[in-house]
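*Asks:* Per Swiss-Prot, transmembrane segment is recorded for 29-49, 50-70, 90-110, 117-137, 150-170, 177-197, 223-243, 246-266, 292-312.
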């Protein structure tokens, strides 16, 4: 991919606002990352200093934003082609690519060093690896080279609860790995459902998403496969004892519903039915992840508050 050099300075940088820089951070993605990171931090055993907890979450947020900025820098050519991304700051001519690169690298270094110096270096190392994985492994390599880009690249979005857990405990445990696996297995059906009704956009940008390379039927079959894998993994926090019965019931019901929506997508026998089913699965996938992590957070906060008041 060709990169602009001196000509980048011709951009109208003076017109860039704080909102434009906020867009570079991908705030919607950042909010999900912060939420799952917070759940990992609160769910972890023990008590963490509130100030250090806030610093940890802020560092996770800044690191996630840095990843988004680096992604927009490298993918500026793709963003200019796709309808849903062509108004981003670089293709819109608001911020120069070299400015975005500097912004992303600065935020990356700041978030990692702050987390390491103020909290612990294990959490900082996980954050650094997450930024590297998303910006380099996924964005620069996998995204443009294989239809399995989402499967492997999904690891980047699955690390935040592990980072939160490591910030609170200084450890990587099986419990935190389960949180990682839930998001990791959730990612393929979520994004493949999206790609099924945005196929033309990905085709125009020459991104080898599963529907464009392997076809719609294969994509639908694999979405169902990952949904079936994910559903029982989603129940593991209860099975392993670091979530309560309420979570067990909610995660089971939501997991079964997820499999049902994925099955409806696989079984669709016409294009209109397939597109409708893909949209429903995509929307429900958001509800699923938000739902189970919200219950985890609710239970963890409830148990810790009760313990603080000596109830048990």
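Note that the numbers count up from 1, one per residue, in the order the chain is shown.
Here the Cβ of each residue, glycine as well, is placed from N, Cα and C on the backbone.
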*Asks:* With pairs 6 or more apart in sequence, are the transmembrane segment (292-312) and the transmembrane segment (29-49) linked by at least 3 Cβ pairs under 8 Å?
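*Replies:* Per Cβ check, the transmembrane segment (292-312) touches the transmembrane segment (29-49).
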*Asks:* For the transmembrane segment (117-137), which recorded stretch in the set 29-49, 50-70, 150-170, 246-266 gives the largest number of Cβ pairs separated by under 8 Å?
*Replies:* 150-170
*Asks:* Sort out the residues at least 6 away from either end of the transmembrane segment (177-197), same chain, that have Cβ-Cβ distances under 8 Å to it, and list them.
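*Replies:* The answer is 36, 39-40, 43, 150-151, 153-155, 157-159, 161-162, 165, 209-212, 216, 219-220, 222-224, 226-227, 229-230, 233-234, 236-237, 240, 258, 262, 265, 274-275, 278-279, 281-282, 285-286, 288-289, 292.
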*Asks:* Would you confirm whether the transmembrane segment (90-110) and the transmembrane segment (150-170) meet the contact rule of 3 or more C-beta pairs below 8 angstroms, pairs 6 or more apart in sequence?
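*Replies:* No, the stretches stay apart by this measure.
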*Asks:* Who are the chain neighbours of the transmembrane segment (50-70) in space, where the CB to CB distance is under 8 Å and they lie at least 6 residues beyond its ends?
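*Replies:* Residues 24-27, 29-30, 33-34, 37-38, 41, 100-101, 103-108, 110-112, 114-115, 118-119, 123-124, 127, 130-131, 134-135, 139, 156, 160, 163-164, 167-168.
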